[in-house]
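Quick notes on the structure that follows.
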Amino acid sequence: MTSIKTIKSRAPKDYLVFALDVPTVSEAAEYVHLLKNHVGMFKVGLELFVRGGRRIIDTIHDAGGGAKIFLDLKLYDIPETVYRTMNAIAAMGVDFATVHCSGQKDMLAAAQEGADGQVGVLGVTVLTSMSADDVRDAGYGPEYIENISRLVMKRAAAAAEWGFAGIVCSPLEVSAMKERFGKGFVAVTPGIRPAKGLVSRDDQSRISTPGQAIRNGADYLVVGRPIREPDDSAAAAAAICKEIEEALK
């Protein structure tokens with residue numbers, strides 16, 4: 001199982017996670033081949049896993065040049081189902097897998113038990129697409145509407161309580177999270193947008209540049225469209241690695 005505590009020296013690319021948000025295994029395989037020397041981890045989400053299943057995991061193992069694998073299924077179900085699913089995920093040889101922190105405590109405990117020390121469980125706190133209005137519409141009170149970070153920290157505390165490897169949160173909450181839970185508690189951050197360049201149909205609300213996320217203490221930066229949409233995806237990934245390198249100095 002991957003642990004930040006065991007990583008003595010990390011290259012800039014080791015912080016970069018490419019989101020394989022594509023519809024087919026063949027297209028994903030092309031990106032794995034293209035980016036294996038430019039990113040340290042590949043993220044497999046719901047659409048690709050539903051379409052490709054275990055094949056995409058095997059593809060990354062075979063062609064990813066040693067890159068890590070983040071299976072982002074955001075499990076949320078009754079405890080027994082989550083336990084059995086996480087146990088099956090652990091057998092695939094992935095490095096991280098996600099579960100929603102908004103679930104009951106027994107579900108969180110089941111996720112950690114099912115992982116059996118073979119995969120790092122990450123708690124999804126609040127989606128980076130959520131705004132204050134979304135939090136209000138979900139039925140939360142003023143305490144969380146006025147400060148989404150409070151809801152993130154509440155859910156991060158649940159993840160820490162049950163021994164998760166870390167959480168998924170916006171770059172804006174990383175600094176406070178590290179201060180409270182320590183540097184060894186992994187922070188995986190979506191909502192990353194390069195200092196230069198826009199993306200189409202941007203549905204993220206709580207965002208940051210790669211450099212700022214690193215300075216805040218993020219351990220992994222999840223990037224999809226800013227790498228996928230340019231004509232030269234490898235160059236786009238290299239440019240983000242350059243931003244990471246500058247922030248690490």
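The backbone N, Cα and C atoms fix where each Cβ goes, glycine too.
Secondary structure from DSSP puts K74 (active site, proton donor) in a beta strand. K74 (active site, proton donor) is surrounded by 16 other CB atoms, counting those within 10 A of its CB over all protein chains shown. Residues annotated as active site, proton donor in Swiss-Prot: K74.
The substrate binding site annotation in Swiss-Prot covers D21, K43, 72-81, T128, R193, Q204, 224-225, and the record cites sequence analysis as its basis.
Note on L73 (substrate binding site): other Cβ atoms within 10 Å of its Cβ, all shown chains, come to 17. The candidate set comprises the binding-site residues D21, P79, T128. Of these, T128 has the most other Cβ atoms within 10 Å.
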